[in-house]
Amino acid sequence: MIVVFVGTAGSGKTTLTGEFGRYLEDNYKVAYVNLDTGVKELPYEPSIDVREFVTVEEIMREGYGPNGAIVESYDRLMEKFNEYLNKILRLEKENDYVLIDTPGQMETFLFHEFGVRLMENLPYPLVVYISDPEILKKPNDYCFVRFFALLIDLRLGATTIPALNKVDLLSEEEKERHRKYFEDIDYLTARLKLDPSMQGLMAYKMCSMMTEVLPPVRVLYLSAKTREGFEDLETLAYEHYCTCGDLT
């Protein structure tokens, strides 16, 4: 089974990858893949590490700025695309789980040919789109997260599950509020209708058609610190694999 973690910088993606892997290692054979050319340290031992071929730091010494170096690093990774793809496919055959950690600059993986082609060639990968509770301040934000998960699904051609990370930092009242907004579309739509702004109207219209365009997927509530939600993620990954990508 291949699980791909994507998320914005600071969402806790890499820490979650490592801790979920250690959780799985109690019962399964697990391999890790690091696709972040800019990361300094990892909380896991990768079987495949793109930094062995190229790093952002090395490219910046050539005169590139930080953003340009990230893009250039992925341009250079394309030279080794088939090699990395074949290595990952071998890992998938030799292990129960392959956990793929993507760049902290999420757009690098989503919009570069390397990420898209890789996902097109992997067998039934499950994408976990990780969000930080800090970005969820108003009803519009929940609408954004659900639709962005759909956009990732469309872009990568892989089932994408939205996940709220760092839930150990939330009170029970806050957790319940997040669940209400994520899981009760009627409630979210009603709240959005109260916002008279142009953004509120747009979010309301998008949310109103959510049941028509969004597949019925579950939202995960995770914590790398307490391992909350890990059993749910394990179950969902198993169901995804056994149904060949259909979680409906």
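Placement of Cβ uses the backbone N, Cα and C atoms for every residue, glycine included.
Look at Swiss-Prot and you will find G10, S11, G12, K13, T14, T15, N165, K166, V167, D168, A224 tagged as GTP binding site, backed by experimental evidence. For G12 (GTP binding site), other Cβ atoms within 10 Å of its Cβ number 19.
DSSP gives N67 (site 'Stabilizes the phosphate intermediate') a helix state. The Cβ of N67 (site 'Stabilizes the phosphate intermediate') lies under 8 Å from the Cβ of Q105, each on the same chain and at least six residues away in sequence. According to Swiss-Prot, the feature site 'Stabilizes the phosphate intermediate' maps to N67.
Of all Cβ atoms in the protein chains displayed, 24 besides its own lie within 10 Å of the Cβ of N165 (GTP binding site). For A224 (GTP binding site), the same-chain residues that are 6 or more apart in sequence and have a Cβ closer than 8 Å to its Cβ are G12, T15, L16, G18, E19, F20, N165, K166.
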